[in-house]
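Enquirer: Got a structure for you, questions after.
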Amino acid sequence: MTNLIKNVKDAFNSVLSYAPTHILQAPGRVNLIGEHTDYNDGFVLPCAINYQTVVAAAKRDDNIVRVVSVDYGNETDEFDITQEITFQENKMWSNYIRGVVKCLIGRGYEFKGADISVSGNVPQGAGLSSSAALEVVIGQTFKELYNLDISQAEIALNGQQAENEFVGCNCGIMDQMISAEGNENHAMLLDCRSLETTAVSMPEDMSVVIINSNKKRGLVDSEYNTRREQCEEAARIFGVKALRDVTIEEFNAKAHELDEMVAKRARHVITENDRTEEAAKVLASGDMKRMAVLMAESHASMRDDFEITVSEVDTLVDIVKNVIGAEGGVRMTGGGFGGCIVALVPPMLVDEVKAAVEELYEAKTGLKESIYVCQATNGAGLVL
């Protein structure tokens with residue numbers, strides 16, 4: 001993060017010609033287990049990772065917000081918070097910032113302008129929530145600059161609202177919530193219905209290894225919508241609000257009445273919820289052998305019942321599994337059809353995992369992976 005801090009400070013100084021008063025950060029995240037459970041009112045178990053979006057900021061006396069994007073060649077954006085805040089077709093990055101500010105005002109918070117420079121190293125397009133980190137760090141910035149009486153949960157909800165309503169991208173609450181509320185060496189069990197969060201301690205020094213298959217993700221939107229409709233249909237047949245309310249026993253008793261495809265989708269969600277709740281318990285007790293089993297079962301369920309993995313991702317999981325055995329867990333993470341796998345790896349096996357993936361993955365698939373070795377880190381806050 002030191003480089004990011006230097007970059008935002010330098011950009012602030014050179015473009016705005018004075019020094020910032022505050023440095024803030026918000027992290028990206030990875031979901032350890034609990035896939036496609038969020039929109040079924042279920043449970044997820046993400047952790048924040050030490051790839052961040054960092055902001056240098058200072059208050060202004062007027063109502064202007066000026067933003068410098070270091071990652072877009074110090075491109076700037078400027079808007080007046082007393083005027084209508086509008087969507088910018090030609091500066092997509094600035095819409096996340098405009099949206100967050102607009103939603104804060106809409107929620108009744110009062111503040112004046114700010115000068116902001118921003119840079120991040122959360123890999124984009126890898127499903128590690130670079131957009132949520134940006135939304136959360138901007139909310140955090142106005143909280144700190146103006147001592148706003150806003151909770152971390154509300155900063156997260158405000159970011160989600162900005163993405164849904166202003167940017168126009170439909171997302172659940174997980175990404176913003178873990179970015180706002182993460183804890184070092186902890187994952188977070190999030191109940192997507194009540195939004196209740198529980199910090200879950202992780203074995204000390206456990207590496208969180210994220211490997212991007214770099215398989216271009218096709219069909220994501222249409223397939224995602226189909227899965228969602230199938231889950232809603234299953235919930236209707238069971239007469240419940242969401243699949244969260246169906247036990248595996250209830251499912252087994254009625255599965256024969258469901259369309260075969262709908263039954264497979266529902267079985268994934270119902271068993272994944274059970275796995276996620278159990279994973280929170282076994283992770284906290286340091287039982288990595290059981291965690292390994294749960295992550296393997298999660299992957300198999302995504303592959304066979306939810307049918308969202310692809311051969312490249314399955315190959316990556318197998319390569320890592322062969323190295324770590326029962327010492328750690330590995331599975332696909334994210335929406336599916338490409339994207340990343342996540343592995344919990346004891347530190348002494350990290351180099352071996354990297355070597356195996358580098359030797360075998362490209363040879364088997366023709367694609368070159370990207371590897372990120374992370375630790376579970378703190379959520380958003382002041383750095384300086």
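Cβ coordinates come from backbone N, Cα and C, glycine included.
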Enquirer: Of the residues Tyr109, Tyr146, Tyr224, only one is listed by Swiss-Prot in the substrate site with Glu35, His36, Thr37, Asp38. Which is it?
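Expert: The one candidate that Swiss-Prot places in that substrate site: Tyr224.
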Enquirer: Take the Cβ of Asp38 (substrate binding site) and count every other Cβ within 10 Å, whichever protein chain it belongs to.
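Expert: The answer is 19 other Cβ atoms.
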Enquirer: Between the recorded positions Glu35, Glu163, Asp175, whose Cβ has more other Cβ atoms within 10 Å than any of the rest?
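Expert: The residue with the densest Cβ neighbourhood is Asp175.
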Enquirer: Comparing the binding-site residues Ala126, Leu128, which residue's C-beta has the most other C-beta atoms within 10 angstroms in this structure?
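Expert: Result for the most crowded candidate: Leu128.
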Enquirer: These are the binding-site residues: Thr37, Ser130. Which one scores highest on other Cβ atoms within 10 Å?
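Expert: That would be Thr37, with the highest Cβ count within 10 Å.
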Enquirer: Would you mind sorting out which of Arg29, Glu35, His36, Thr37, Asp38, Tyr224 (the recorded positions) have a C-alpha within 10 A of the one on Ser131 (ATP binding site)?
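Expert: None, since no candidate lies within 10 Å.
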Enquirer: According to DSSP, which of helix, strand or coil covers Tyr224 (substrate binding site)?
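Expert: In three-state terms, Tyr224 (substrate binding site) counts as helix.
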